[in-house]
Amino acid sequence: MRPWTGSWRWIMLILFAWGTLLFYIGGHLVRDNDHPDHSSRELSKILAKLERLKQQNEDLRRMAESLRIPEGPIDQGPAIGRVRVLEEQLVKAKEQIENYKKQTRNGLGKDHEILRRRIENGAKELWFFLQSELKKLKNLEGNELQRHADEFLLDLGHHERSIMTDLYYLSQTDGAGDWREKEAKDLTELVQRRITYLQNPKDCSKAKKLVCNINKGCGYGCQLHHVVYCFMIAYGTQRTLILESQNWRYATGGWETVFRPVSETCTDRSGISTGHWSGEVKDKNVQVVELPIVDSLHPRPPYLPLAVPEDLADRLVRVHGDPAVWWVSQFVKYLIRPQPWLEKEIEEATKKLGFKHPVIGVHVRRTDKVGTEAAFHPIEEYMVHVEEHFQLLARRMQVDKKRVYLATDDPSLLKEAKTKYPNYEFISDNSISWSAGLHNRYTENSLRGVILDIHFLSQADFLVCTFSSQVCRVAYEIMQTLHPDASANFHSLDDIYYFGGQNAHNQIAIYAHQPRTADEIPMEPGDIIGVAGNHWDGYSKGVNRKLGRTGLYPSYKVREKIETVKYPTYPEAEK
């Protein structure tokens with residue numbers, strides 16, 4: 001009898017018992033569905049812990065397999081070490097299972113409940129405070145009224161920041177933060193594998209292709225979004241994206257001189273048949289399809305924003321506050337992988353500018369947008385939100401300096417900002433502002449500048465800008481790839497987030513609303529509201545699609561309608 005036979009049987013017995021326990025726990029999860037008062041957050045936490053236990057079970061199985069001793073002479077030294085490691089893993093696993101059993105018996109964690117009650121109490125106290133202060137305002141006049149109103153807003157800000165801070169800590173308690181980090185990472189890696197598979201066919205001569213020309217008549221942010229739109233259609237129709245970028249107005253050498261190629265194996269647009277876009281079904285037998293700009297796209301496929309893949313939707317809703325933005329960001333992430341020289345430029349600029357956290361990014365667009373697509377906004381409008389967020393950050397971290405990364409196409413703004421706000425440290429490169437002017441915009445130096453601005457804006461802890469600007473929206477999209485959920489890390493002075501050429505942006509009414517003025521629209525729960533914009537005053541504007549009426553409605557009375565599309569899942573990417 002070999003000396004390890006007993007150990008092997010013992011290991012297998014424990015693994016079998018552990019597997020049985022996992023099955024038992026799973027059964028309890030199913031039975032617990034009869035109790036709807038369990039929050040979705042707690043369910044997410046339990047599922048994440050179960051996933052970790054399953055992974056450890058698989059790790060132990062592999063370790064046990066490695067302990068099989070071949071016939072013949074046995075070297076006992078390494079085997080003894082492996083058994084000890086296995087024993088330690090089993091002890092840890094047993095502790096985790098016991099902790100899990102305690103949590104399922106005892107309900108939510110202590111920290112979770114303490115924070116939940118604190119938020120509940122904070123909301124009640126805020127209501128008491130509002131009632132009391134507004135009653136006082138009725139009896140005040142002149143300077144006394146102004147003074148009391150200012151103090152009222154100051155105290156109101158403290159209340160709001162207290163609740164927001166507690167909500168942040170609630171989102172991190174009981175392992176929820178760790179789960180969100182892992183889930184976001186797993187989803188990103190999954191999508192990037194699928195894109196990489198699509199973009200690198202084994203035989204380019206036989207691959208179906210979608211051709212996209214980068215030279216749309218607009219600036220860098222707009223052109224990048226044009227390529228993203230092409231990429232999403234290519235992904236949905238299972239075609240390799242061929243990006244034509246020679247004689248690019250920003251860099252005559254093309255996209256690949258700045259960013260990594262979109263494919264390592266297939267950059268040739270040739271094929272046995274070529275045609276212009278006429279719809280996914282009609283183009284089925286055409287090998288090479290040329291895509292127009294989104295403004296001229298007809299028929300429109302379902303793959304346009306703000307739709308997300310059906311197979312990922314449930315996971316995305318759990319992990320991210322704006323799944324549509326996250327989905328767009330995955331294509332941006334793949335496209336802007338820098339060439340080594342650009343990577344070096346970014347590193348050197350980071351050191352030269354002294355870019356460090358905490359820092360808030362501010363983007364001020366002053367040239368071609370103002371007067372046409374956007375209104376003029378003075379620096380004071382931006383800095384109100386900068387100061388508010390620094391006060392919020394100060395409740396969670398040490399704010400040694402209030403740093404602001406200022407990106408603008410107005411070279412005079414940096415001096416103005418430093419003069420008006422001496423207590424802030426403004427980080428900015430005025431040479432980028434000069435290169436962003438209309439006369440210098442389409443040069444390689446200008447391209448370098450806008451790429452650096454977008455990089456630093458995306459790296460900030462919070463973003464204040466106008467979403468009417470493509471640069472601001474690109475920075476916000478990239479920000480989503482750097483955090484599990486950065487959907488709330490912005491304030492736009494004008495538009496809500498949108499993607500040029502997107503399909504309708506709809507919301508669903510969750511509370512009834514009866515208009516109090518002629519500007520408002522009625523709503524009933526379940527009504528579909530086509531949102532036009534948020535006025536950032538508690539009201540949004542949109543159309544009640546059931547009634548055909550357009551007007552204002554309270555923003556809190558609706559939720560986002562998540563649009564899903566049956567995208568291909570590319571199972572070959574997992575092989």
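Each Cβ is built from the backbone N, Cα and C atoms, and glycine gets one as well.
On a predicted model such as this, the values are computed, not experimentally measured, just so you know.
Note on Swiss-Prot: of 299-305, 516-522, 558-564, the range annotated with the feature motif 'SH3-binding' is 299-305.
In the three-state DSSP classification, Cys472 (disulfide bond) falls within a helix.
Cys465 (disulfide bond) is 38 Å away from Ser278 (phosphoserine) when you measure Cα to Cα. If you compare Cα positions, Cys472 (disulfide bond) sits closest to Cys218 out of the disulfide-bonded residues Cys204, Cys218, Cys230, Cys266. Helix, strand and coil counts from DSSP across the motif 'SH3-binding' (299-305) read 0 helix, 0 strand, 7 coil.
Put simply, of the disulfide-bonded residues Cys212, Cys218, Cys222, Cys230, the one whose Cα is nearest the Cα of Cys465 (disulfide bond) is Cys222.
Working note on the disulfide-bonded residues Cys204, Cys212, Cys218, Cys230, Cys472: by count of other C-beta atoms within 10 Å of each C-beta, Cys472 ranks first.
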